[in-house]
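Enquirer: Just lifted these from TrEMBL, have a look:
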{"type": "SIGNAL", "residues": "1-20", "note": "signal peptide"}
{"type": "TRANSMEM", "residues": "107-126", "note": "transmembrane segment"}
{"type": "TRANSMEM", "residues": "138-161", "note": "transmembrane segment"}
{"type": "TRANSMEM", "residues": "181-204", "note": "transmembrane segment"}
{"type": "TRANSMEM", "residues": "225-245", "note": "transmembrane segment"}
{"type": "TRANSMEM", "residues": "251-271", "note": "transmembrane segment"}
{"type": "TRANSMEM", "residues": "413-433", "note": "transmembrane segment"}
{"type": "TRANSMEM", "residues": "453-474", "note": "transmembrane segment"}
Amino acid sequence: PVLPQLQLALSSCVCQLAVCCTYEMDAAKPDLPQELEGHDANDGIIMEKTSTDETSSGEPVRNYRGWKAMPYVIGNETFEKLGTLGTLWNLLVYLTTVYHIKSVNAATILNFFSGTSNLATILGAFISDTYLGRYTTLAAATIASFIGMVLLTLTAALHSLHPPACTSEGQCEGPTPSQLAALMVSFFFLVVGAGGIRPCNLAFGADQFNPRTADGRRGIASFFNWYYFTFTIAMMLSATVIIYLQSDVNWALGLAVPAVLMGLSCVLFFMGTRLYVCVRPEGSPFTSFAQVLIAATRKRRLRRSHNTFELFDPPHQSKLVSKLAYTDQFTCLDKAAMRTTKDVLCSDEKTSANPWRLCTVQQVEEVKCLARIIPVWLSGIVYFVVITQLGTYVVFQAAQTDRRIIKSASFQIPQGSFIVFQMLALTVWIPVYDRVMVPTLFRFTKREGGITLLQRIGIGLALSVVTMLVSAAVEHRRRRTAMMSCFWLVPQQ
């Protein structure tokens, strides 16, 4: 089960690298003020934190609470994952056993739900960056997830909201339109919750530390470690205890427990409100991307020289995004920052009067960064097609195998709990990679991480091919064997 572990470990590395590097670059520029929304312990929420105290550099003292806010931030994330992860992994079983939906249709519904949840993060990030900020977005999303879990629990607890049990002759009745509608409403709230929580949770936790101090930067790195530690623990408990309650005890109880945990997540989050530091939203990057593309298109006939001084590069004003250095790539986009006689500046000489015609070098470089990521993103589509197939089909495979740990035992592993093998492999693989493989690779490559992140991605894509080959071989054996042991499904995990 190496491939999913590389993917999760790579996600952790990329998040830490991107955020920490951004904060370290910000820390190197003490002359840039950072306006924050603060939450004062005595006065409650205020829109902008100000202070008469100043550091030696003349910068206002910020009220970063750091680790004082972490019990609420990490506690909220832990209970949120405990409340949702196990249920999401077991939804396929719920749809087929309680709602009596055909396997193919159930897998389609679940894949659509998963894909919609992932796409909703784009909208959530846009709303957070443009209008609400991370705190308000997380607050609304956490409440939405709680409502979704309560509604999903009601679909199992109330007989009128799900089909009757199958008869002794094996006749099963499908869901009525009203029952299916109740299920879809619960999915809708879960999608809204995922769309707000996923793009904001890591960044909001990092916002609680001062990126301009050594202690603050160490706190950010430590926060990431604790986040992924508690994330793994929550996944393990969800994949075992929660799924066992749902599959082997009672669906109503098994869904009520995650709903209660989601409620605790809401309570913990709001308990820390007066401690949080909230970064003021500065606008969506999507608008800036569109401005660069349109401005570059309008000026496509201009001839570009190699003199970078002719580009519009005013002092950097953003408090969220670090200043990016000019790069000599995708030079056709540089035309968006070329100032002509038709371009007018505002009275402060720092902003363009028409940003759809004249953009800054910073905006252009942000679009270049996005362009560089597109090939990696496209290759990831193929990878996640593999992961999606394994995530649904292995549940059906497990249902037709011998899931007993010991032949003489009556206990069977719930078919939705096979995700736990990925977590066990992750627990073993990361220390081995960090302590054994990285030092070994360093002797040959002389790179601090052994190999580059791009090489890790390439290895992961290659292993995805191996994963599907193993999966095909296991399925071929399963179809030819009367009752195969479930542990044959572990390698493809």
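Any Cβ shown, glycine's included, is placed from N, Cα and C.
In TrEMBL, annotation is done automatically, which means it is predicted and not curated.
Note that the structure is a prediction, hence the values are computed from the model and not measured.
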Enquirer: When you check the transmembrane segment (138-161) against the transmembrane segment (453-474), do you get at least 3 Cβ pairs under 8 Å, counting only pairs 6 or more apart in sequence?
Expert: no
Enquirer: Cβ under 8 Å, sequence separation of at least 6 from the ends of the transmembrane segment (251-271): give me the contacting residues as numbers and ranges.
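Expert: Sequence-distant neighbours of the transmembrane segment (251-271): 71-73, 75-80, 82-84, 86-87, 90, 94, 98, 138-139, 142-143, 145-146, 149-150, 152-153, 156-157, 238, 242-245.
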Enquirer: Would you mind listing the long-range same-chain contacts of the transmembrane segment (181-204), meaning Cβ under 8 Å and 6+ residues beyond its ends?
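Expert: Same-chain contacts beyond the flanks: 15, 19, 73, 77, 80, 84, 88, 99, 113, 116-118, 120-125, 127-128, 134-135, 137-138, 140-149, 151-152, 154-155, 161, 175, 224, 227, 276, 278.
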